[in-house]
Protein chains: 2
Amino acid sequence: MNVPNPKITTGALPASRKIYVAGEIHKDIRVPMREISVHPTAGEPPLPVYDSSGPYTDPDVLTDIRQGLAPLRRDWIVARGDVEEYEGREVKPEDNGFVQGDRLTPEFPVRPKPLRAKDGVAVTQLAYARAGIVTPEMEYIAIRENQLREAVKEERDGHDWGANIPDYVTPEFVRDEVAAGRAIIPANINHPELEPMIIGRNFLVKINANMGTSAVSSSMEEEVDKLVWSIRWGADTVMDLSTGRNIHNTREWIVRNSPVPIGTVPIYQALEKVNGIAEDLTWEVFRDTLIEQAEQGVDYFTIHAGVRLHMVPMTAKRVTGIVSRGGSIMAKWCLHHHKESFLYDHFDEICDICRKYDVSFSLGDGLRPGSIADANDEAQFAELETLGELTKIAWAKDCQVMIEGPGHVAMHKIKENMDKQLECCHEAPFYTLGPLTTDIAPGYDHITSGIGAAMIGWFGCAMLCYVTPKEHLGLPDRDDVKTGVITYKIAAHAADLAKGLPGAQRRDDALSRARFEFRWEDQFNLALDPETARDFHDQTLPKEAHKVAHFCSMCGPKFCSMRISHDIRAEAQKEGMEAMAAKFREGGELYVPAPEASDAKAEPAE
Amino acid sequence: MNVPNPKITTGALPASRKIYVAGEIHKDIRVPMREISVHPTAGEPPLPVYDSSGPYTDPDVLTDIRQGLAPLRRDWIVARGDVEEYEGREVKPEDNGFVQGDRLTPEFPVRPKPLRAKDGVAVTQLAYARAGIVTPEMEYIAIRENQLREAVKEERDGHDWGANIPDYVTPEFVRDEVAAGRAIIPANINHPELEPMIIGRNFLVKINANMGTSAVSSSMEEEVDKLVWSIRWGADTVMDLSTGRNIHNTREWIVRNSPVPIGTVPIYQALEKVNGIAEDLTWEVFRDTLIEQAEQGVDYFTIHAGVRLHMVPMTAKRVTGIVSRGGSIMAKWCLHHHKESFLYDHFDEICDICRKYDVSFSLGDGLRPGSIADANDEAQFAELETLGELTKIAWAKDCQVMIEGPGHVAMHKIKENMDKQLECCHEAPFYTLGPLTTDIAPGYDHITSGIGAAMIGWFGCAMLCYVTPKEHLGLPDRDDVKTGVITYKIAAHAADLAKGLPGAQRRDDALSRARFEFRWEDQFNLALDPETARDFHDQTLPKEAHKVAHFCSMCGPKFCSMRISHDIRAEAQKEGMEAMAAKFREGGELYVPAPEASDAKAEPAE
């Protein structure tokens, strides 16, 4: 049989080396980080940075897409003694949209038996946290979040809006945040290839990249490539929003090769199973789909259980009605049957499935605004309150929960979204799409939304769902995925800085020092996107010689302000800066202290 | 003689028509606007939008770069009877860097005699405003800012941070804002081709695009093309930051063909005149350069008079020292001569020149931070206070003033910049570069800065200086200029929305309605960049048929949430939405009101 072998991009980023840090509680864990080295003249150690790219950027690891990644969590999971292997659900023709022959995406070559919790047990990180257990996942995350920094002692530069950010992340802190429901660790027991990460307001702001096949385009090979490509640039989780055919087999290839959590919107596949007719959806079809995906290892489910029958009319007067696909599907179902949503009515049973596999909830905002005009309206906030109720139900079942948010929101209404979410949803992590701060720039919605994403991240949003330049217009290609990821890494990092997250500014400072010292190579290598930075520089000054030039193309050799600053610093140091400053302040006609001078100067103006 | 004829992009934007609105006080003024028409099925009138593109987008006007634009203000200026024509300063070899023969950019073919104020008179818009005069420029601006909207009566949706935004902009309001120094109208009497615009906190947020030749690249032809290109996409003013040779002749071509205000940093040319040696600068050389540029029609000067000797040592401990070119040049001069800055010492005389031609001040922030680490430090705020003193001196001479601001500032420190500027500079308009909210993304600094620009624009910044993707790396080409302009139009518009500027949301609503009704062509045409929007759509769904398709490539035909919303709306309207809503609320088991339902549902969770 001819097994496909998708092409992917591997190898280290420039001047970067993969390192692994061992645990103390759990000696066998190896937490990956990326170390960026700088020029010897800098006299600085390499800079460790958070690394979501997985083994693909480690030249010492041979990855084979047809084999999938190593199941590094398998032993941890089995060691807990609360799971059992079982036959699992048979793959059915409808799982792949009844497609056959050549048009069927080949099954993933390896098919491990799925695991599930033993009867009645919850195998969620929340259950362990509540039991006071520090899992390997939790210690892994603590090490990962600290990025080898020391505990910060000095006063913080930032404004955290009431978050509870620690000087140093301990495994116990991770456990306590998870136990309180303020953070989640999406980690399905059937996704052992996962490198654990956390989503919570008191940790680094994370970003999600969406991908997936659709009725009108793209293949499994493309999607696997996009997965590897998106994490290479920094995506912390990936949502597979595939529609159309081959959903099951495509997802298997993605999960087996993903070191980051995979999220899905199960209602999409359920709808395919009933030929796209929303009215024909049933609880049974949906339930079967949840089990199918849970067995494959999906780490979080977007469930639009907050869209209730009585809310639907609230959307009728909107400018853009219901823009969430899941939300509109459920609204249509409710309306057609004149019944309460089966997701809402069966939410308890949904929780029973999720706790068996540790699938986290991403409670969907089916009524999020699709335009500036609809932001923060009755429908949106009515649903948010329901999501708050559902959060308590899920927590009572030891299920992990995050809450999805908008969407399209003008800047002055963003904070209200964050505040209301914290209040209604009892501090469960918030996960927003943008928000877009204006509707007038299709083709640039990574930017209209990057503005809103940075702001809501600062205010306390835990994860930002990226938006690509193709939003509203088409399906993102490879370049769009990269642009979306980099834009959202910028938003997330700007938020970390503004929150005063300890250590966040290290990279900015390292890059700025490189800039000031004309270490061009270091500037490129420390950048989020070294390739683009180098390429842009070379477009104006291609010669290698210019990589060491003490000027740049903006000013040219004569004009360089940075070079002049060096002269100033040199002179200041020669004289002794303090002495120099003192002399200036002493006075003598030329050296009148500023205030006096101003009065003198200001008088004629009065 | 062979007169060059730079290639430029002309013609209307898609579905757009240039209209002109006449004045009431001044019957002869014709205020240009762009009207975007939508598909008849929308049943909506065309949308008028602010238009900075000049005659180049009016197919009825034949523009010839070698002739320059029509001097529409000439009569207004002369009619005031306070100016005189004179021979003007002879162009000197050093004005073009002593370059000769083929390497000399040809002189602009037409050379009008310059105008200046009659002895002792101030011919500034500020002087007129203080005298209670409503100039044609002021009425022009009032009409332009309103974009044909009615006065807004309903309550505003926005938060304006204490601005004083009127329901409707009257010529008298424009006059009073200028008289109070809260707004400026950059309009040199020697730039009669100018279409008047205003920069102030209580008006639409404006954006500036930088361009200019440099020692390492680009020509006059390229710069003229960039000028026309940048205003086509929405630049409200353009700064010519040319360095190297041919500065004088290049600038003449730019000013004669610019319908928007042109700003410069005169110290750049002065430095060229002393062969790039900062220490050799003298007041006399600088003074002569101011007159040279004022006679050419430069509308605003960036003057770094706030960089004083005693402040220089404050920068020695910075991560990136002094990054402003003008600031570093002056710092070096002060340090070398151990003297107070000649710009500061001669500020009175500089004002005397500016009031003669109505050149506005853009008081430069020579000590702005060049990295996140240096933001809001002692040096930056010491200079800001001096800029406040200088503002009073300029106002006392009837000169118009705006204040330049940073730079690199993390989000949590942005508001402090705006607040301190309003306080120190007595509400003179603020004009900031970005600010960049992180240093780690060279190649994407239009985005790192677009975030900060949108925020400070919301907080009250009057004009945003664009940053292109090439910032820190190279010289912007045509595509970079467009990307920078569109990004900043997004930031400025997001700010207008958040401030609750009356009418600002009209374009968002029109585009969102088009989106909801699948009027693809209207979506493209109403976008800031119709070409890119259309191109992105066609990459996935090229066929013309898809332009009327009631679905898009993201969901495909089966899945379209918007289409489902239409069904919902249809059903709601069939039943009568209110009745429907009421029925849902009435109850019956399935229709328990949300609160009760939640209690019921929540209990088991407790």
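The count begins at 1 with the first shown residue.
In case you wondered, yes, glycine gets a Cβ from its N, Cα and C as well.
In sequence order, A:Val323, A:Ser324, A:Gly327, A:Gln380, A:Glu404, A:Gly405, A:Pro406, A:Gly407, A:Leu433 make up the list of same-chain residues 6 or more apart from A:Arg368 (substrate binding site) whose Cβ falls under 8 Å from its Cβ. Secondary structure from DSSP puts A:Arg368 (substrate binding site) in coil. Annotation source TrEMBL lists substrate binding site at A:Asn210, A:Met239, A:Tyr268, A:His304, A:Ser324, A:Arg325, A:Gly326, A:Asp365, A:Gly366, A:Leu367, A:Arg368, A:Glu404, A:Tyr431.
The feature Zn(2+) binding site is assigned by TrEMBL to A:His408, A:His472. Within 10 Å of the C-beta of A:His472 (Zn(2+) binding site) we count 22 further C-beta atoms, all protein chains included.
TrEMBL lists A:Cys552, A:Cys555, A:Cys560 with the feature [4Fe-4S] cluster binding site.
Here TrEMBL flags A:13-84 as domain 'ThiC-associated'. For the domain 'ThiC-associated' (A:13-84), the mean pLDDT of the prediction comes to 97.
Through the fold, the region 'Disordered' (A:91-111) approaches residues 1-4, 66-68, 219-220, 244-250, 252-253, 256, 269, 272-273, 292 of its own chain, all at least 6 residues removed from its boundaries and within a Cβ separation under 8 Å. Annotation comment: TrEMBL describes A:91-111 as region 'Disordered'.
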Next item on the list: Fill in the CA-CA distance, A:Tyr268 (substrate binding site) to A:His472 (Zn(2+) binding site), as an integer in Å.
Entry: 19
Checklist line | Pairwise Cα distance for A:His472 (Zn(2+) binding site)/A:Tyr431 (substrate binding site) [Å, integer] | finding: 20
Checklist line | Short-range binding-site residues relative to chain B, from A:Asn210, A:Ser324, A:Gly366, A:Arg368, A:Tyr431, A:His472, with Cβ separation under 8 Å | finding: A:Ser324, A:His472
Item checked: Number of helical, extended and coil residues in the region 'Disordered' (A:91-111), per DSSP -> 7 helix, 0 strand, 14 coil
Item checked: Candidate with sparsest Cβ neighbourhood (10 Å radius) among A:Asn210, A:Ser324, the listed binding-site residues -> A:Asn210
Note to self: Based on the record's binding annotation for substrate (A:Asn210, A:Met239, A:Tyr268, A:His304, A:Ser324, A:Arg325, A:Gly326, A:Asp365, A:Gly366, A:Leu367, A:Arg368, A:Glu404, A:Tyr431), what whole-number value in Å is the widest Cα to Cα distance?
What the structure shows: 20
Next item on the list: Sorry to bug you, but what's the C-alpha spacing from A:Gly366 (substrate binding site) to A:His408 (Zn(2+) binding site), rounded to the closest Å?
Entry: 13
Next item on the list: On the DSSP side of things, how many residues of the domain 'ThiC-associated' (A:13-84) fall into helix, strand and coil, could you say?
Entry: 13 helix, 19 strand, 40 coil
Next item on the list: Please work out which residue of A:Tyr268, A:Tyr431 has the most C-beta neighbours within 10 angstroms of its C-beta, and give that one of the binding-site residues.
Entry: A:Tyr431
